[in-house]
Amino acid sequence: MDTKQTMFALATAPFNSAIHIIRLSGPDVYRIINQITNKEVKPLGMRIQRVWLIDHNQKKVDDVLLFKFVAPNSYTGEDLIEISCHGSMVIVNEIIGLLLKHGAVQAQPGEFTQRGYLNGKMSLNQAASVNNLVLSPNTTLKDVALNALAGQVDARLEPLVEKLGQLVMQMEVNLDYPEYTDEQRELVTMNQAVVQITQILNQIVVGQDQLQRLKDPFKIAIIGNTNVGKSSLLNALLDQDKAIVSAIKGSTRDIVEGDFALNGHFVKILDTAGIRQHQSALEKAGIQKTFGAIKTANLVIYLLDARQPEPDPKIIARLKKLKKDFFLVHNKADLVQQSFQVSISAKQKQIQPLVDLLTQYLHQFYSVEQNQLYLISDWQTILLQKAIAELEHFLIKQQNCLFFDILVVHLRAAHEYILQVLGKNTNYDLINEIFKHFCLGK
């Protein structure tokens, strides 16, 4: 990455829409912008300026708004202008052509945030949280990313790295002046501090197992006999005709998927082949896919016909063997007088009892410990696990070893790993690995 270059990127999705935003950042922002506008644009004065963009023949390209951010008070820490133009991709491509012609270069994924990090506008954890925030599939992970963006990770780890640094310094002083050192007493004090730091780091790392399962889409598999209304339920949940609804038994032989949002959580729902005893070869293949979908699902909706409300005990046994949570839902409730615990009419789109139950389940599934610090990125967890391993080596060795020059190696290594989590002493390979997963314009 060459920070001497002025970069640009389309910050909005690349298709026709109401407006588009093109970001321009770097040392030559005002030189470039003044070559393609009908009036002078200065870093002082109005922060929002309306101008015409023009080409080399003075032909008008678009009527735009320029949002000006003057260094160092910008996202990147550089001079930055956001061009708000009309939403045609024809206009966007013309503007990009003008920027390229006058010396701007296409930004790499995550380069705006990376420059912000390098220019001291945010820590590495805050920078990484930006992408996690953009990609968060549910409100829980969104909140975790926002906490990191607010500096929660740095605030929790900085006292630990400071304490470790003091311990390393203390051991190095003792190595230089051994005649003034009571090694046994020093080690007792250090041992207490290292135990405390290790416990805190372990608490942080343990929480990642809970968070990991929330990163994948929540999957619901709809299963049941043929012609019980599974496709109608899928369509009712999606509020669109995604699956073919037919009175012919065995119509669905492949898995039909659909995505919908429920109370801030994205859900992937799978409509599966109907299960019955007498099947054609094609239906048997479809049923195998059904059981495959059950294995990958977080939750199973076992749909029953309210006129034949008893579930198949073999299917119930299989669900329990797989340790799958499941709901027994009685469909076609409009055709009977009897009321069940969860009764719906998918065809009539009367599914609110099921929606309420799903909402309650999702709330419980996505609930996390409020006071727990969560690291949303795997690289953070890996580095902390390495730090913990070094601290544990220290605790084991200090029981039988009084040589500070051996023990201090482990404290230095642990200190270094936590510094890397904080974005200090971080190698460029890790930095590039973090930012390459960002989207363009961020």
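Even glycines carry a Cβ here, placed using N, Cα and C.
Positions annotated as (6S)-5-formyl-5,6,7,8-tetrahydrofolate binding site by Swiss-Prot: Arg23, Glu82, Lys121, Lys442. Look at Swiss-Prot and you will find 227-232, 246-252, 271-274, 331-334 tagged as GTP binding site, backed by sequence analysis. Summarising the annotation, Swiss-Prot assigns K(+) binding site to Asn227, Ser246, Ile248, Ser251 and lists sequence analysis as the type of evidence. Feature annotation from Swiss-Prot assigns Mg(2+) binding site to Ser231, Thr252. What Swiss-Prot lists as domain 'TrmE-type G' is 217-363.
Highlighted in sequence order, Ala11, Ser25, Ser74, Tyr75, Thr76, Leu80, Phe112, Thr113, Gly116, Gly441 have their Cβ within 8 Å of the centre of the Cβ atoms of Arg23, Glu82, Lys121, Lys442, the residues recorded for (6S)-5-formyl-5,6,7,8-tetrahydrofolate, and are not part of that set. Across the residues of the domain 'TrmE-type G' (217-363), the predicted structure has a mean pLDDT of 79. Of all the binding-site residues in the record (Lys230, Ser231, Ala273), the one with the smallest CA separation from Glu82 ((6S)-5-formyl-5,6,7,8-tetrahydrofolate binding site) is Ser231. Comparing C-alpha positions, Asn227 (GTP binding site) sits nearest to Lys442 among the binding-site residues Arg23, Lys121, Lys442. Of all Cβ atoms in the protein chains displayed, 18 besides its own lie within 10 Å of the Cβ of Asn227 (GTP binding site). Across the structure, Lys230 (GTP binding site) and Lys442 ((6S)-5-formyl-5,6,7,8-tetrahydrofolate binding site) are spaced 41 Å apart at their Cα atoms. Arg23 ((6S)-5-formyl-5,6,7,8-tetrahydrofolate binding site) and Lys332 (GTP binding site) have their C-alpha atoms 54 Å apart, to the nearest angstrom. A straight line from the CA of Ser231 (Mg(2+) binding site) to the CA of Lys121 ((6S)-5-formyl-5,6,7,8-tetrahydrofolate binding site) spans 51 Å. Non-local contacts of Lys442 ((6S)-5-formyl-5,6,7,8-tetrahydrofolate binding site) by the CB criterion (under 8 A, 6+ apart in sequence, same chain) comprise Ala11, Pro109, Gly110, Phe112, Thr113, Val130, Asn131, Val134.
The Cβ of Lys121 ((6S)-5-formyl-5,6,7,8-tetrahydrofolate binding site) has Pro72, Ser74, Tyr75, Thr76, Gly77 as same-chain neighbours under 8 Å, each 6 or more residues away in sequence. Annotation note: Ser231 (Mg(2+) binding site) sits in a helical segment as assigned by DSSP.
Glu82 ((6S)-5-formyl-5,6,7,8-tetrahydrofolate binding site) carries a strand DSSP state (E or B). Taking Cβ-Cβ distances under 8 Å and a sequence separation of 6 or more, the neighbours of Lys332 (GTP binding site) in its chain are Gly229, Asp305, Ala306, Arg307, Ser345, Ala346, Lys347. Arg23 ((6S)-5-formyl-5,6,7,8-tetrahydrofolate binding site) falls within a strand segment according to DSSP.
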